[in-house]
Structure formats: C-alpha cells, structure tokens
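Asks: Pulled the feature table from TrEMBL, pasting it below:
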type	residues	note
DOMAIN	205-303	domain 'Fe2OG dioxygenase'
C-alpha cells in the first residue's frame, strides 16, 4: 500500500504549481526542503565566476588558447558560459518568448499535453512522484524528445502557440550543431581524436528539451524550484532568462550569472565517466523567487539507447588508472537514484 505522503505527493503532482499560485495557495509541507531557522542561518550565495568560452574561436585556426580555457573550465567547474555560438540573439529571444506564451495559456489548454503522475516522463506537468521522504519541486515543466525524430511523441507537442513546433524544430537543428562543436572541442582540449566523444554518443544520441516554469513563491528560503542533483546526461545546454540556477563548489552554493545571449553548458555524469573523471559533473539546484517568474530551456544530450560508454582509452594510463566501468543506459540508473535524493556516479566506479 502506498504511504500517505506518497499519496499526497501524487495528488499535488496531479495539479500544477501555477494553478496553486493563481489560487493563492501557500506551499504545503511536501514542498518545504528545510526549516525556517536553517534558512535564516544560510549564507547568501555569491555569483559564480563561471568561465566564458568563445565558441567561434574553437572552430578557427588559432584555437589552442581557447581550448585550454575550455579544459580548465571543465576540470575545475564542470560548466561554462558559451558565447558566439552562432545562434542569433533574436532567435534565442523567440524561443524564450514562445516558452512564456505556452505557460501563460489557460490551464485547460496546457493540460491537453499532460503526462501521467507516477511514471511518465514526457509531457506537461511535474516530474514523477519521488520516493517517500523527498520534497517536491516548485515548478511546472514540459519535456519533449526532439531528436531522433522517430523517438518523438507527437501528442505532447503543443499546437498552441502556433509557432511553437516550428521554433523548436529550428532550435533542435541549432542544438545539434552546438553539440557537435562542443564534443569535438572537448576532445581536442584533451589531445584526443576530435570525433571520439561523438562516436561514444553515437549517431542516435538523443536530445530532450525541457521547458521549465518556476512561478513566484512566497517562501523562497525554504522551497526550491529544483532539488540538488547532478545530471545523468552527457551534458546539458541551458538558456535562462533570470538568475536562479546555482552550482555547488567547495561545499558552497554559487549563483550562475545570466550572460546576455550565452548558453550555459553543464557536464553530466556520463561526460565525467567518458573523461575518466577529468571533467566534473557538478551538483546544482534552482532556487525560487518571491517576486519574479523564471523560465529556462534545458536541452539534454545523452548517448543513444543501449550504447555502451566508458573512459576514453587515451585518458587511462599508469598515472591515471581507470576510475569507471563501461556502462549502458546510465540515465536509467541515475533517475532511480535521483528519485531517492542520491547521486548515482558511484555505481559506475571501478
């Protein structure tokens, strides 16, 4: 029999956070991640000095200095701000605007694309109900597989706004170009053959787009938009409108600044595995805001289904022995641990 807290979680997840805010409801206990006393004693999170990488330099003739900046960023931070990525700022504004328009629609319209509460991942709603003892996130989201095309689930693709599908199709093409450039550049920064990571991801590597909506919250000190976790992806490309994303660095939460027209690129656990621990997969979270609604678009780049990945041969030697096993469909193991509030990286260690 399901516990009473899990039953309540399923009831709450069958509704929408936006709906609760409109009705003037306050976060109930399952959304509260810490008590108010702990919140009052928590230090203020400063802005993180995230390295900025010029992607246009990575494809030019004089790349070495920028490649070493990229390597340093991913060894120390596990993330970077990508500028000059070839995507016009006007188009980034378009996809952010169509995201806002989707979430501004009536609840009736949005619920046409609703997902199941307990297990289903794709569609509109909240993440599946976590295991007992885990708090809920103060957010609504729309998750869509966008590549390969044969993995798409058309019933979850919004018909309104009318431009949504066309803009997302265009964004998907641009994300594929970015992942190819970044994957090749990461390999070259480690003095590896430039296609080695692309080969590990495979031709059928998946792209999933997650459109996140974080409504205003009257208790931002004790309610999180997204619980602390690392990503189970190869890496994730994030477009955010206002600050709210934080990373954990040396046991301190640091806020990721917004850089105009930049893409924030964050390593996932599978990239840490492929680089034999050289690149880091940082723990991160999203805080809530009392006065401002926040939206973001995260694109998850993950190795193709049933494809085995592991430490690249050129990164395993006597000085740096193998740290990880070869794994397959790691994101499934990652999700099982995430639902329990745990990291999964240790399951891939030798």
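Every residue gets a Cβ built from N, Cα and C, even glycine.
Note that this is a predicted model, so its numbers are computed, not measured.
What's the neighbourhood like for each of these?
Replies: Under DSSP, residues within the domain 'Fe2OG dioxygenase' (205-303) fall into helix, strand and coil as 6 helix, 49 strand, 44 coil.
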Asks: In the predicted model, what is the mean pLDDT computed over the domain 'Fe2OG dioxygenase' (205-303)?
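Replies: That region's mean pLDDT is 97.
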